[in-house]
Amino acid sequence: MAQQQREISISEFFTKNRHLLGFDNASKALLTTIKEAVDNSLDACEEAGILPEITIEVRDLGLNDQGEGELTKGEGRFVVVVEDNGPGIVKAQAPKIFGKLLYGSKFHRLKQSRGQQGIGISAAAMYGQLTTGQPIRMISRTGKGKPAFGLEIQIDTRKNNPVVTAERQLDDWHEHGTRVELEIVANWQQGQRFVNRYVEHTALSNPHATFHYLRPRQAPLSFPRATDELPKEAQEIKPHPHGVELGALMRMAADSKSHDVRGFLQSAFSRVSSTVADEIVKKAGFKAKVRPRDVAGDREVARKLHQAIGATRIMAPPTQILSPIGDTLMRKGLVSFLNVIETEGPEEEEQLDLDAARKKKATKKGRAAKAEAPEVPDAPAEEGVEKIKGHNYFIATVTRPPKVYRGNPFQVEVGLAYGGSWPADKPIELFRFANRVPLLFQRGACGMTEAIVKTDWRNYLLSQPRGSLPVGPMALLVHIASVWVPFTSEAKEAVAHYPEITREIQLAAQECGRKLAAHIRKRKHADYQAQRRSLFELYIQEVAQAIGKIVKRSPDPIKREFLRLADQVTEQEGAGEGLDDAALEEQSRKITRRPRRAEEEEQE
């Protein structure tokens, strides 16, 4: 038995446990492959200060070069291509980036980014190699003065090392950027809805990027950028001492080049000044000089230092280093997203205008009466309402102040779009994002979902079954930005249930809910005023004629005065400023007063 034991490489482990990385089945593997490549492209563009333009292409190898033939049903071979206009990749680094698991620039840094573990794109390459035997193909160029190069890379899964199987140089290619091509076994028939949703949601959370999406036997889809402003650059920080565990503290001490523990604490952690370091050492009870290697080599010394850190009050880690989407860009992203996915609505005269509900379609008699009415200016657009392809959407966004969990800063954002063509009798759409990346699976296991379900949406005029999402024509966007997002697994499909995080999501959702409730109340009041006006218009002709006979005046000016008064009343009540009884009585006297003899003669 001892002879059968051997070391297992990380790539061997994930080859047999690929479900841990999101390659559970052929339909999900298609999405994971695209997601990992797009994440890398967006991160690279943003770090280089380039507005991203990304092309995503899925090709069915069951079709010929002209796209003729029958689409593959069920599992089959597909080619996934992701191309960007980023800064490119240095040739010496390319084999390890695409052909070595747990190799990257992000795992050892505390900085907000989409990728964290150095597994993603190399895992996709491993899946393609495992299912089709084909290497990952890539082309990259770092600048106009540098030649473009292409590589075909496979992974030696026993040693977790890249193997370059082909290499070429391209004289004519883009000025800079990277193209990644993978041949994989996928199920487009079942997986395309996930890919479609991923592309839509990625465009929503990245309004500064342009996406081109090419699909088998379907028209290309483009999501133009909604802003030319790059998101604020995230900053790298050192770990906070309150978030470090004993074993990690010993490892960090072993790697330290400081001469004493005070210098180690100040250089290795954030928010540790010389005064704080002295206080920690004092609480640890160290009499003589203690060096970092003493902490690394003596568990008792390390335990005392760890306890002293926990007992010392230390400022929370800096939070301005995060890069949230922001209220303005979140709103622009929602509008751009709705413009692409929404179909054309009904004609404007048939569409209920939430901002001026008094324009609701009237009866034939009412329209005839209104034909002679004076022109009334349109009501001003309600704040937060956007008209998109004939549909009215109320949009609200909230960005919470940054907070801390386990020593890691994080920030929560929530946005909602209410109304439009979404069904009013179904649960809301919940869009989850972590560091601008859509989370499409494991919704029930996600802390974000828990926070939204625990929010009492009945307070905000939505119905909500017990233990479920609210019901109504609404999409809710929840985004968490952090230097280290606590995912529940390596597949990064759900966020862990940290009380600090779920509490912040609830607070943001409640703030959005208050804005929504105010809008719904205003809309209901506008509908009520529209009904009042429609009812009034049914009888205005008969009323004007009857009053005209009584006061011996022509009914036409009486009708015009009544319409003007109706406009004034409904407009002012819609704004919360109703006319008082005295004002209404005065208006009525003016309308119904008898004409003077000169006026009677003139009318005759």
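The backbone N, Cα and C atoms fix where each Cβ goes, glycine too.
Model, not experiment: these values are computed from the prediction.
Here is what TrEMBL records for this protein:
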type	residues	note
BINDING	N40, D84, S105, K106, G115, Q116, Q117, G118, I119, G120, I121, S122, K492	ATP binding site
DOMAIN	25-157	domain 'Histidine kinase/HSP90-like ATPase'
REGION	571-604	region 'Disordered'
Which of N40, K492 has the fewest nearby Cβ atoms, counting only those within 10 Å, among these binding-site residues?
N40
Take the domain 'Histidine kinase/HSP90-like ATPase' (25-157) and average the pLDDT across it for me.
87
Could you tell me how many residues in the domain 'Histidine kinase/HSP90-like ATPase' (25-157) are helical, how many are strand and how many are coil under DSSP?
41 helix, 33 strand, 59 coil
Suppose we draw a 10 Å sphere around the Cβ of I119 (ATP binding site). How many other Cβ atoms does it contain, all chains included?
25
Using DSSP with the three-state reduction, classify K492 (ATP binding site) as helix, strand or coil.
coil
